[in-house]
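Here's what Swiss-Prot has on this protein:
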| type | residues | note |
| --- | --- | --- |
| ACT_SITE | Cys178 | active site, cysteine persulfide intermediate |
| DOMAIN | 124-218 | domain 'Rhodanese' |
Amino acid sequence: MAQPIVVAALYKFVTLEDYVNLREPLLQAMLDNGIKGTLLIAEEGINGTVSGSREGIDGLLAWLKNDPRMVDIDHKESYCDEQPFYRTKVKLKKEIVTLGVPGVDPNKKVGTYVEPQDWNALISDPEVLLIDTRNDYEVSIGTFEGAIDPKTTSFREFPDYIKAHFDPSKHKKVAMFCTGGIRCEKASSYMLSEGFDEVFHLKGGILKYLEEVPQQESKWQGDCFVFDNRVTVRHDLSEGDYDQCHACRTPVSVEDRASEHYVPGISCPHCWDKLSEKTRRSAIDRQKQIELAKARNMPHPIGYNYKQSSSEA
């Protein structure tokens with residue numbers, strides 16, 4: 001029986017002044033261990049999701065932890081039957097998660113970490129303002145009970161949303177969460193810089209909560225969007241039933257895929273009447289490349305979804 005693929009989400013805010021020089025040895029470590037996926041490195045730290053065999057993931061983690069700066073790198077795992085990534089990349093960035101506000105640095109100032117087992121008690125406090133820091137298409141398929149949806153399409157929009165809707169003098173306690181912990185960690189640093197006093201964030205993010213909190217005690221509702229070809233995971237971290245529309249990025253349900261407006265790789269019920277002609281042509285061309293690659297048994301182009309392929313068969 002084939003061993004399951006290990007999917008590891010990892011990040012750490014840590015000052016890496018030599019991050020440019022880290023790119024090539026890190027890429028080689030990924031290749032040596034048979035790792036697929038993308039890691040982002042910047043002066044503020046490292047972030048990404050990768051996949052491989054049990055031995056491969058352990059080998060990469062050992063390589064990272066050999067650097068004293070990354071010995072306690074945050075790391076969460078889930079499993080799937082098919083490789084969710086097709087390429088191996090290390091990218092140099094200005095930020096490992098882009099907020100776009102100069103001076104916000106979780107290495108210098110960050111909110112209070114809340115362990116998954118303590119999260120329910122915190123968000124049950126009526127004085128706590130609970131904010132989902134993810135984008136609208138992620139929130140649409142699952143979130144915590146009572147969470148506020150900022151309806152952002154990019155994390156860059158988060159600061160403007162906070163300034164427009166909340167006042168540090170009125171909102172004393174704020175709790176935030178995101179998929180793996182990185183966005184809310186940076187968001188907490190931003191909110192502290194804006195004068196909010198008590199800022200909390202879920203340590204390890206939604207994925208760690210789903211891993212550690214029994215479903216019968218959970219305050220999570222729905223699936224959790226993930227940034228690989230699984231698209232979503234359920235509460236037990238098994239792969240969900242959603243695909244993703246590669247024209248608009250929106251997760252599409254089984255019901256969505258039964259719609260006359262769903263064309264794999266090209267449109268879905270959420271975007272079929274909103275796409276520009278340029279975007280539509282680009283989606284059609286990409287889908288043709290995917291079909292050609294499949295016919296030739298070649299590596300899949302960017303944008304390919306193996307579940308979408310099997311549903312078409």
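Just so it is clear, glycine is given a Cβ too, placed from its N, Cα and C backbone atoms.
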Exercise. Between 0 and 100, where does the mean pLDDT of the domain 'Rhodanese' (124-218) sit?
Worked result: 96
Seminar exercise, completed: The number of other Cβ atoms within 10 Å of the Cβ of Cys178 (active site, cysteine persulfide intermediate), counted over all protein chains shown, is 24
For this session: On the DSSP side of things, how many residues of the domain 'Rhodanese' (124-218) fall into helix, strand and coil, could you say?
Result: 38 helix, 19 strand, 38 coil
